[in-house]
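Engineer: Annotated NAD(+) binding site per TrEMBL: 76-89, 280-292, in sequence order. According to TrEMBL, the feature substrate binding site maps to Arg96, Arg106, Arg135, Asp223. Among the features that TrEMBL reports, Mg(2+) binding site is placed at Asp223, Asp247, Asp251. Residues or ranges marked as domain 'Isopropylmalate dehydrogenase-like' by TrEMBL: 4-351. TrEMBL lists Tyr142, Lys191 with the feature site 'Important for catalysis'.
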Amino acid sequence: MNYNIAVIPGDGIGPEVIEQTVLVLDKIGEIYGHNFNYTEVLAGGCAIDKTGEPLPEKTVEICKSSDAVLLGAVGGPKWDNLPGDQRPERALLGIRKALGLYANLRPAILFEQLKDACPLKPEIIGDGLDICVVRELTGGIYFGEKGRKDTPMGEAAYDVEIYSVEEVRRIAKHAFEIARKRNKVLTNVDKANVLESSRLWRSVVIDVAKDYPDVTLNHMYVDNAAMQLVRNPKQFDVMVTTNMFGDILSDEASMVTGSIGMLPSASLGGNIGMYEPIHGSAPDIAGEDKANPIATILSVAMMLRHSFDLEKEAAIIEDAVKKVLDQNYRTGDIYSEGQKLVGTKEMGRLIIEALC
Ligand code: NAD
Ligand code: IPM
Ligand code: MN
């Protein structure tokens, strides 16, 4: 079978983690007889440097005509002083919007082997953690009206948080469907004690819940949720939340899994899915062969599962990652004394070796 994948290496550590991920996918293709064809496209800072814009039209066209999109990371200090609409990050938002990817799945799983890397006490993590953060991805404050204006206090700027009933309904349904296939507990995270948009959000989630009587729904304010994630993360099964709150809570949840370098994501909702680690371009370690490629490698496992229905192949990648961790190989972000410290390339090579 042929699969066409648009590959966006992006900036910073993006190309480093993508390189290893593509090698993993190539090996899966070789073992199981699939043809993964890659079209590398420009987005982010490197696109600004080569074409003058963060998201060239050609990139969107190629993504739209592919079977799935794989992305490393975009952004970096070099482009930090550009106006908002010309920044590398615009590329990411533009692709999400263009492909209609409103549902962002960020599974935070603490592998048995990484209990040492989790900063929480053993009695808090118990026998492990498995949380799925479902983040709304094409609405809210990221996409609401924004601008600058003069006020009696001088120059001011604003970003509007806005959600329609329909936007909330579709992400809520998505989250309930996921919860139904897991432990059937959904925590809605909002700020309904203050924000009108959150009050609408919560009322729609409650309405959607009528179709899912088998799923237990509870509600939590975002400030409490941030605290509960480190106080008692085991209480969570699936969390559903807005674009902004999901961005923040998933970075926090990633640390509970040992490192942000471990957390993959799938962006779904349109015809084509996009898969990317939740971390950024990590300018502080870029080009040093230090980045953990596992989040991106696990993202491609999500691609095989969600876009191509290749469950067996997805599970083989996840098992290979666990095998390498079992052998005590670690990149710097998940390393503790006595383990074997390896770089990005070596981690990739070990995972490929473990696939066979
Ligand atoms: P970041 O996620 O890039 O880095 C935060 C910290 O985590 C850094 O210390 C970094 O070294 C570490 N880290 C991240 N990924 C790692 C990995 N795979 N292995 C080991 N360590 C890792 O966040 P930031 O520093 O806030 O952002 C840097 C740039 O990336 C910014 O321009 C930001 O806008 C962009 N960004 C892009 C994406 C994306 O493309 N999806 C996501 C987040 C941030
Ligand atoms: C993420 C990133 C992006 C976001 C940025 C780079 C636009 O932080 O994917 O988590 O905020 O969605
Ligand atoms: Mn983020």
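Each Cβ is built from the backbone N, Cα and C atoms, and glycine gets one as well.
All annotation found in TrEMBL is predicted automatically rather than curated by experts.
These figures come from a predicted structure and were not determined experimentally.
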Engineer: Fill in the CA-CA distance, Pro88 (NAD(+) binding site) to Arg135 (substrate binding site), as an integer in Å.
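Structural biologist: About 21 Å separate the Cα atoms of these two residues.
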Engineer: Which chain-mates of Arg106 (substrate binding site) that are at least 6 residues away have a CB under 8 A from its CB, listed by sequence?
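Structural biologist: Correct list: Cys132, Val133, Val134, Arg135, Gly246, Ser250, Ala253, Ser254, Leu263, Pro264, Ser265, Ile278.
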Engineer: What is the one among the binding-site residues Gly76, Gly84, Pro88 whose Cβ has the most other Cβ atoms less than or equal to 10 Å away?
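Structural biologist: Selected residue: Pro88.
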Engineer: Give the subset of the recorded positions Arg135, Lys191, Asp223, Asp247, Ala286 lying near ligand 2, defined as CB under 6 A from any of its atoms.
Structural biologist: Asp247
Engineer: Among Asp80, Tyr142, Asp251, Ala282, Ala286, these being the recorded positions, pick the one whose CA is nearest to that of Arg96 (substrate binding site).
Structural biologist: Tyr142
Engineer: Give the number of CB atoms, excluding that of Tyr142 (site 'Important for catalysis') itself, located within 10 Å of its CB.
Structural biologist: 19
Engineer: I need the neighbours of the Mg(2+) site defined by Asp223, Asp247, Asp251. Which other residues of that chain put their C-beta within 8 angstroms of the C-beta centroid, in sequence order?
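Structural biologist: Once Asp223, Asp247, Asp251 are set aside, the remaining close residues are Val222, Ala226, Met244, Phe245, Gly246, Ile248, Leu249, Ser250, Glu252.
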Engineer: Between the Cα atoms of Tyr142 (site 'Important for catalysis') and Asp223 (substrate binding site), what distance do you get, rounded to the nearest Å?
Structural biologist: 19
Engineer: Taking the residues Arg96, Arg106, Arg135, Asp223, which the record names as binding substrate, find the longest CA to CA distance and state it in Å to the nearest whole number.
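Structural biologist: In whole numbers, the farthest two Cα atoms are 27 Å apart.
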Engineer: Have a look at the recorded positions Lys191, Asp223, Asp251 and say which one has the shortest Cα distance to Gly76 (NAD(+) binding site).
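Structural biologist: Closest recorded candidate to Gly76 (NAD(+) binding site) by Cα: Asp251.
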